[in-house]
Every structure is written in structure tokens, then in C-alpha cells.
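Feature annotations, courtesy of TrEMBL:
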type: DOMAIN; residues: B:18-200; note: domain 'MacB-like periplasmic core'
type: TRANSMEM; residues: B:20-38; note: transmembrane segment
type: COMPBIAS; residues: B:205-264; note: compositional bias 'Basic and acidic residues'
type: REGION; residues: B:205-274; note: region 'Disordered'
type: TRANSMEM; residues: B:329-350; note: transmembrane segment
type: DOMAIN; residues: B:330-447; note: domain 'ABC3 transporter permease C-terminal'
type: TRANSMEM; residues: B:378-401; note: transmembrane segment
type: TRANSMEM; residues: B:422-441; note: transmembrane segment
Amino acid sequence: MQAANLIDLDDVVHHAGGKPILSVAHLSLPPGRHGLLLGPSGSGKTTLLHALAGLLVPDRGRLSLLGHDLRAIGDAGRDRLRADHVGIVFQQLHLIHAVSIADNLRLARGMAGKAPDEKGLKALLIRVGLADRMNALPADLSQGERQRVAVARALVNQPALLLADEPTSALDDATCDGVIDLLLEQAALSGATLLVATHDRRLMSRLPVLLELAKPMERAA
Amino acid sequence: MNMLGLSLAYLRRRPLTTGLNLLLLALGVALIAFLLLLERGLENRLSRDVAGIDMVVGAKGSPLQLVLSAVMQVDVPTGNVPLAAVEELRRNPLVRQAIPVAMGDSFGTYRILGTEPAYIAHYGGQVVTGRMFEGPMEAVLGAEVAASSGLGLDGALVGSHGLTAGGEAHADMPYRVVGILARTGTVLDRLVLTPVSSVWAVHDHHHPEDKAPPTTGDHADGKAHEHGAGEGHDHEHAHHHDPDHQHDHDHDHDHDHKHDHDDGDGAAGQASSDDREVTAILVRYATPLAAARLPREINSQTSMQAASPAAEMLRLRALMGVGLDAMRLLGLVLVLAAGLSTFVALANALQERQYDLAVMRALGAGRGRIMGQILTEAMLVALAGTVLGIALAHAGVAALSGFSARARDLGLSAGQFSVGEVWLLGLSLLVALLAAAVPAIRAYRTDVSRLLAKG
């Protein structure tokens, strides 16, 4: 059965160190509707992304991905769901520096338990303009090239949902535009729905705000 | 890219740490594996040399020394026994075979052994060139002796006094090579074999007053063996031989053989042509009953002693075992040190790579896979270190066999592997597993979300 929404979320609350760090009343995201999770630092954007990716289980609330209740399916189920349907671009990129960029992508398939797909991998590297650097180590690339590797890695398993955490923070306007163009273009080519968590209000001109989060104190106020 | 490829990539990125861990483990494994190979070689040699010999009869003294000298040909004899004892034993219905051995001289580092063709037959020796010895001063060479000396048929060899190289040469009494034996992997290979009469002839020529074979130990090590009273007889070989004393052919060195046999058999009390002696008698029992009766009878009723090679070899193994155990312990300490070093390296690596592991989780890898990644890395080091160690041990054996005849004697072969080496691999993997367990569990328990949220 095909779920109507990629994401359905109701009354999700999460705490850390006894303090609330995330509180979301409702969020639904149908496939293909790219958007922003906007909020200042500390408002719980990353926590929400992690919850959507099944990397953490919120203390309470209902959270489903592609119709799967993330609270109910257990650790292994969340790992499987993430491997099959979610790609993540981290703020710090977190490429694996011990291996080449092609191996970063191969590893992403391997870790997701998927068979190697050299043809698909090369096509993806051509798409992000790195086909000629595929054997380079991440340390040998520019920041922009690394960003492209991170996006390619997030898309190598053809996820339904592409999550990007603060992809444009500390970038100048031109670079910021380049990154969001890259994300939108690659998400479109892969058929993935892009959800960007950011505090960068410049992106509001490029993507609709699906949810605006506030800091817990502001919420209390 | 799979876990194995990633582990190799991580190991390559830390060449110094990886290399040191490998080396530490390899040295420990090499030491233990080398000892295993050496021990097995020694064990095989002992088994081959004592095979089929149920009892050794010789002069009173240390039974281990008697077995080592008369069977293994590595120690000095305890003394001599009357030749008449050979015939007496042969008449005993409990005895299937009694083979006399007489020694006292050597050829280079090899012993010249006076005996009978039955001795050669006992070890399965076959004359491949020439014939068996028949008369005095005829010699049949063991395969190792022939190979290293280069002597062929009709070649002459001169024995020298004593059982170690460097003794006085009996140049006027050369042996003639009449046969060469095929390699047997036994003590035969490193002996010059001749009739007992040759040993007497050489000795008579140089010591006309004494009809016994030279009581060799005294000459060999320059010490007197005192076999004291206390068992109803006094059998004393006192070959006072000053090691600094120059040997020359006028035989002015001080030899004093005194054989006092109070048991009245008169076998060698007085030197005469009828009082010939041999160094020892190798005995095979006709019946298992003999084991219970014969040694006791000989030990209590004669001036001789009976020693069981099997029992003495057990004693020898126990004695050697202490040294070998100490060496093994050292090897084990090295293996454990390698385990500790692997643990430290992995713990540090985990700290460095915590984000890598978190990203792998984010890419869909389960906790088990992350644990597997850490364990794979440790196992790779353990496997490589163990293989390297075993290779080092075998290279060591090859090198040792290359330059040491004694090592070749043990039948050591670099191409042979022992079951112990498989166990060693198991031990290394277990140590690596234990070393990796704590880092792996820490990785398993990592809160990926919290870690990634930090940056």
C-alpha cells in the first residue's frame, strides 16, 4: 500500500538532559513537495531531521515515514527504512576521509546493504560534475566539490526523502544559491523530496517554509 | 566498498600504528610457532631414536645419561659393561634381541659406534652403496656423515679420541669405508658404524693394557664419572684426564680404569682377552612381562643398570618442558601485548572515527554492522600478524636447518605445519576479539543523533 504522505507527524516532543528540545504539533509532507524546516539554532531542527530519519525516537508523539510508524518498527526497522528511503546531507558533510569519493559512494550502498552499482555511481558522479575526480580523496577536493560528493552520497541509494541539515550556513549568497540549486536539481533528477532544515532565511525565496520552529523558551513565552 | 575494504583503508591510513601492532603480534606468534616446530622436531627425533628399544643396559650411573649416550648418541656414557652380559641377555627367554654398542672415538662431530649389523637393521638402515661391514676397521657411514664428509667407498677416515671434535687422532688406525647408508631420519644418519672389534682394536693399539673400549665420557668432557658403591658393587671408572694435558701418540696421559665388580661375575675386573667390554646393550623384550622383571633383576642383581628409554624420554621432556614453557610464556606475553596495543589503537581510532561510524549508521548501517566494522579491523591485524609470525617461524626453521647440522638432525622442515599453528591463529583471533570488544561495544552504544548534532 502506497502511503499518501512521505511524512506524518503529530504531537512530537523530545527532551535532552531533562529539557524539551523539540516540540512539533503537526507536519505532513506529501511526495515531491520540497520545503524548509526553518528555525533559529537550538530550535530542534536537527533533532527533528534525525527523528524523521529514524536516528532517534522522540519521547512522545506519532511519527511515520512512508506509512511506517517509526516508534513501532524498532531499531532494525528504522535502520532498514533509512537505508532504503532516506538520504542525509550533514552540515559538516562528514565524508569518510580514509577512502576516495567513489568509495564514499560505494560505502553508502554497502552500508545500506545494497548491491554495488558502478554504472549508477558513475552516472551520479557525472551529474554532480565529479566524474574525473572519483578516485580523489575528500581532503584533495575543494569545499564545493566536497559538498557535491555529500549530495551524491545522500542520493546514491535513490531515497524518497532527501534531508539536508544547514547546507548553506556560513556561505556567501552566490555559493548559497549554488548549493540549493544543486540540491533541488539532484533531488528532482533522483525523484526525491527535499527537506532542508535551516536557520538561513535566504532560502525562503527558494523553498516554501513547511514548518517554522521556535526555541523552547520562545515557545513557552 | 565493503567492511573489509574500509578496514584496510583505515589500517593503511595509520601505517606506523598498524605496522607496530603487526610486528608485536608477529614476533609473539613467531616465537611460539618456532617453539612448536622445534618441539615437534625434537619429539619426532626422540620417538624415532628410541623406537623399539625397550631397555638399555649399561654401567651404573644416571639412567637418563645412559639412554642419551647409548640411544640418542648425545651424552657421554656412564661407563662400560662386560661383553659377557650381551650373551647372558641373549640367553634370557625374556629378551628378544640384545645389541651391543661400543663407543669412544669420533670422526669430526660424528660418533664412531661399534656394533652389529642388527643395530642398523633395527633403525631400518639400508646400505645403498657398498656393503655392510664385516671385519675390524671397516666402516659404514650414515647418510649425514657421508654427505658432509664427502667420503665415498674405500675412503679412509681417522677417528679421534673422545666423543667431541678435537681429540687426539688415531692416524695409525684408519677406518676404511665399505658402505654408505640411505637416510633414515634416525640416529643412524649421523654415525660411523663399525664392528665392536674395531673399537677394541683402536683401543688395544693405544691402550694395550686395557681391554675395554675407552670410557669415553671422561675423554670427551675431561671429567671423571664416579659411579659409586651402594648397590652391592663398586663400578668405578676413573679416567683422570687433565683437559689441559696434551694428547700425543706416546699415550703418556693419565688413564686409570678401575673396575671393581664385587658381584663376582668377573666380567671386566681384570683386563684380559676374555674380559672385553662394551659401552651398553640395547634390548628388545620378547614379552611384555619382561618390563616388570628384567630391569629390576639387572638393577638389583648385577653391577649394571637397566634404563627404560621411554621413561627417560618422559623425564627429559619434563626437564625440557620448563625451558620451553618459559619461552612459550614469553611468546604469549608478546601476543597479549599486541592485543593490548590493538586495543589502544582501536580505542584511539574510535575517537578519531566517531563521525565516520555515525555517518555509516545514518547511511543505514545497523549497530551490528558498526560493531562488525571494528571487529573486522582487529581481526585483519590479528590474521596478518599471525600469518606473518608463522611465516617468520618457518623462515627461522629454514635458516636454522641451513646452517645447523643439529637442526637438520631434528628433521626440521620449513614446509611442515603443525596443528598447534592453527590453535595459534585461534589464540590471536581471540586476543584480537577481546581487544576489539570494548571499542566495538562503545561504537554499538554510540548515540548517533547526539553525536551528529554536535557537529
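For all residues, glycine too, the Cβ spot is worked out from N, Cα and C.
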If I count Cβ-Cβ pairs under 8 A between the transmembrane segment (B:20-38) and each of B:329-350, B:378-401, B:422-441, which range comes out on top? B:378-401
Would you list the DSSP helix, strand and coil counts for the residues of the domain 'ABC3 transporter permease C-terminal' (B:330-447)? 101 helix, 0 strand, 17 coil
Report the mean pLDDT of the predicted model across the domain 'ABC3 transporter permease C-terminal' (B:330-447), rounded to a whole number. 84
